[in-house]
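Here is the structure we will look at, set down as structure tokens.
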2 protein chains.
Amino acid sequence: MTISESTASAPAPSAPALTDLRRRLGQVSDLHAAESLLSWEQETMMPQEAARVRGLQLSTLAGLAHELFTDPRTGELLAQAQPEDEADRAVVRVAQRDYDKATRLPTSFVEERSRAQNEAHHAWLDARQRSDFAAFAPHLSTMMDFARREADLLGYEEHPYDALLDSYEPGMRVSQVRSVFADLRDRTLPLLRRITAAGDAADYSVLTRPFPGEAQKAFAWRVAGEAFGLKSSFARQDESAHPFQSNFSRSDIRITTRVEEYWPACLFGTWHEAGHAMYERGVHELWERTPVSRGASLGVHESQSRMFENLLGRSRPFWGRYFSELQGAAPEVTAGLDAETLYRAVNRVKPSLIRVEADEVTYNFHIMLRFELELGLLDGTLKVAELPEAWNAKMQEYLGLTPPSDAQGVLQDIHWSAGLIGYFPTYSLGNLLSVQLLEAARQDTAVAAGLQEAHYGPLLAWLAQHIHQHGRSLTPGELTERATGRPLSADPYVAYLHEKYGAIYGLE
Amino acid sequence: MTISESTASAPAPSAPALTDLRRRLGQVSDLHAAESLLSWEQETMMPQEAARVRGLQLSTLAGLAHELFTDPRTGELLAQAQPEDEADRAVVRVAQRDYDKATRLPTSFVEERSRAQNEAHHAWLDARQRSDFAAFAPHLSTMMDFARREADLLGYEEHPYDALLDSYEPGMRVSQVRSVFADLRDRTLPLLRRITAAGDAADYSVLTRPFPGEAQKAFAWRVAGEAFGLKSSFARQDESAHPFQSNFSRSDIRITTRVEEYWPACLFGTWHEAGHAMYERGVHELWERTPVSRGASLGVHESQSRMFENLLGRSRPFWGRYFSELQGAAPEVTAGLDAETLYRAVNRVKPSLIRVEADEVTYNFHIMLRFELELGLLDGTLKVAELPEAWNAKMQEYLGLTPPSDAQGVLQDIHWSAGLIGYFPTYSLGNLLSVQLLEAARQDTAVAAGLQEAHYGPLLAWLAQHIHQHGRSLTPGELTERATGRPLSADPYVAYLHEKYGAIYGLE
């Protein structure tokens with residue numbers, strides 16, 4: 001009796017360690033899912049008086065998830081676990097990477113930063129409303145201090161920004177972003193000049209013709225199901241002030257949208273979120289309730305959302321197929337129009353001050369500008385006080401515009417107030433990757449034939465196979481190389497812009 | 001340096017223990033709130049494929065809450081905490097009571113029972129559908145075994161059933177329920193006989209006249225706000241298969257309803273849930289995120305829901321005030337009617353087979369029957385195999401009906417399949433208490449004047465002061481004595497039935 005008890009308390013063999021690890025990761029995943037559900041509900045339907053206690057509940061869930069994951073026992077289980085197949089090896093590898101990152105930041109640092117972020121966020125909301133950059137400046141300085149300290153704590157080889165970028169785009173380096181962005185800038189700025197010189201390619205007043213809100217949402221959702229496979233058996237659509245995608249498992253997905261007079265915001269916004277949703281839907285169920293069960297990076301995620309929104313949703317075959325459905329859903333919008341004129345209208349190129357309203361040609365300039373300024377702020381070559389002036393100079397250089405106020409300039413985005421430094425480049429990396437992936441997929445004849453008819457079944461299958469199913473088991477770099485045969489490049493995107501907009505704007 | 005560190009690790013004084021205790025209880029409360037929110041969302045809007053993982057998430061939240069609460073550290077903090085005011089004393093008292101109960105059930109018992117409950121629940125669903133009691137019988141035997149073991153683990157003085165009843169109705173004893181129920185039965189059975197002999201008191205076909213679902217919900221919700229104070233700033237209404245109330249804080253309340261051809265189900269069901277909701281809303285905010293912040297018992301809760309649903313919602317002054325609004329909301333229902341005929345129609349008394357469809361006079365017989373059978377099953381004087389026969393005999397004795405099938409008899413309720421033994425009596429205790437409370441409140445002249453006009457502001461204030469605000473800081477017995485000056489009695493309810501239904505059915 002004594003002997004068997006002593007045996008029972010000896011170090012556990014590897015299989016139980018793996019079982020215990022997956023159980024623990026499952027609990028952490030469940031806590032994060034609950035947190036996401038409470039957040040989604042807060043943004044879509046929560047009664048207003050519930051906000052204060054909801055904040056405490058969210059904080060408890062986040063705190064308990066962090067505590068459970070960074071507990072030394074997680075480290076022991078990671079060290080003891082002996083995975084026997086590729087799926088479990090990926091779980092241990094990804095969890096170990098997350099554990100190392102999470103435990104490198106002391107709790108005191110995380111708590112201090114969380115308080116500072118909260119203050120910075122409220123200061124930003126107020127400063128933006130009053131267009132008063134000076135009121136936000138000290139908070140931005142604090143956020144940049146935290147970013148530098150975080151980079152030091154996480155460690156880096158070439159540039160402190162690499163440590164931050166790695167959280168959003170694992171394995172990506174500043175040097176690579178710089179080179180790709182320089183190429184992109186040099187080859188699209190001349191195109192933009194020629195487009196703006198060419199003048200209007202359509203009557204853009206159709207974009208604000210009457211389209212009742214409920215009809216906008218219903219049309220957008222129906223097409224998201226029919227074209228992109230987003231079904232109500234595993235997903236639902238609600239309204240929120242800022243559209244987002246969220247999910248609590250691969251069969252429990254939410255997207256939000258908003259309704260505006262400018263109706264393309266609802267349609268293309270819905271299809272954008274559908275791209276994110278179908279990525280999360282496609283991750284292999286082997287990785288359910290593990291840290292592998294998410295998109296590989298923000299950039300890869302954005303490649304999926306931008307593909308649905310722009311490469312498909314703003315394509316000529318798409319409107320060839322769905323124009324008649326739009327006629328049924330929005331007779332006032334489509335009166336006197338045909339598919340071709342609608343196609344031209346929704347592909348308007350026009351330099352503008354606000355990133356989230358930018359078109360396919362100008363969008364990346366908004367990102368390059370932010371990337372360059374972030375680098376300067378982080379390495380100290382740009383002072384916070386000089387930021388508005390630097391912002392406005394770059395806006396003039398890239399888009400020929402000067403913001404009439406900081407609210408429409410340097411204060412427009414939430415990211416810096418939340419301490420999200422290194423996040424912006426992923427939007428453009430996603431744009432570039434979207435075309436590179438679509439070009440690779442098009443090598444498959446079924447995919448290519450489907451694209452011509454706006455039948456996306458074969459493309460969805462290709463994406464599921466080459467991108468979605470892998471979750472975080474492959475890095476963005478590995479995914480890109482395997483799916484397209486080469487590293488990320490600006491070439492496909494530049495060629496796409498030239499071909500599409502050369503035709504629309506009649507450039508030789 | 002060494003000295004101050006040693007000082008810092010000395011036993012903490014009492015104030016920190018109380019602070020730590022409240023922090024821990026807050027986390028437990030947050031986990032329960034998250035669990036409730038995930039459950040509410042599951043019943044109202046979750047995509048169907050999400051069910052399996054949602055079950056795992058709910059289980060994790062429940063498990064972590066239980067682990068955190070029953071951790072020995074909670075016991076230490078309870079022992080060390082030195083509360084300095086009445087509010088904190090109540091927190092420690094109620095938490096200690098819960099802790100003692102929770103730690104008296106071994107984890108292995110809870111886990112075994114949870115698995116058995118799950119099996120019994122599925123067996124019951126299947127057995128009910130096929131009306132096959134024999135298929136459910138072994139599971140019911142198992143549930144009764146668990147109930148007996150639970151009673152032994154929890155301990156009791158007079159009767160094992162007391163240990164179970166105490167979980168739903170703290171301090172209540174079988175002996176008291178028996179005595180109150182016998183009194184109730186002896187004094188309402190003759191009334192019921194006279195009512196059924198009297199024949200119809202109205203044209204009941206109005207109860208299924210056309211009333212579109214959306215209009216039903218909107219009318220019920222608007223009146224819940226106007227009459228009973230349930231506002232969208234802290235509550236919302238959704239649809240679910242079985243109506244319920246749930247809340248995640250006193251400012252974050254949900255009720256559900258369902259739409260049927262028999263439109264009173266939606267209206268009175270909504271006002272029933274509004275009664276539960278306003279109770280939770282009224283608990284003093286001092287007890288936010290503590291175990292005191294809930295209704296005192298199921299019986300007291302039911303007294304509030306039944307008061308809104310029946311004593312107010314089915315009263316003559318109520319329809320005097322709201323009939324014209326119903327005319328606007330449901331012109332087809334009210335065509336050719338006046339307030340008085342509607343009042344009589346919604347107060348139909350008719351013995352029926354199904355508890356949840358029963359009226360104010362017959363409802364309690366459904367409960368007495370279940371209570372008597374539960375007692376027999378628990379103490380072994382009734383065998384599970386004999387249950388259908390015993391059920392049918394009592395249905396004949398009380399209501400003069402014999403179920404054509406077990407699905408409409410002994411298999412109709414979910415409770416026993418979920419191991420909820422000792423729960424049923426609280427429905428009738430709530431009915432009795434509702435009238436006893438309303439009679440006490442009516443001693444206040446403002447309340448009495450308001451009741452005449454269906455202006456319930458003064459009554460709501462009285463309930464908030466005498467019942468709601470106290471949460472679980474007083475036991476049901478203490479609440480009843482303080483609010484009404486005497487223990488729970490059948491007298492007020494019996495008198496209420498005689499007066500109301502004597503008039504409607506023109507007796508003597």
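Here the Cβ of each residue, glycine as well, is placed from N, Cα and C on the backbone.
Bear in mind that TrEMBL entries carry predicted annotations, made automatically and left uncurated.
Copied over from TrEMBL:
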BINDING   B:H272, B:H276, B:E302  Zn(2+) binding site
ACT_SITE  B:E273  active site, proton donor/acceptor
(request) Would you count the other C-beta atoms found within 10 angstroms of the C-beta of B:H272 (Zn(2+) binding site) for me? (result) 23
(message) Please report the Cα separation of B:E302 (Zn(2+) binding site) and B:E273 (active site, proton donor/acceptor) in Å, rounded to an integer.
(response) 9
(request) Go through B:E273, B:H276, B:E302, the listed recorded positions, and name the one with the sparsest Cβ surroundings, counting other Cβ atoms within 10 Å. (result) B:H276
(message) Please report the three-state DSSP label of B:H272 (Zn(2+) binding site).
(response) helix
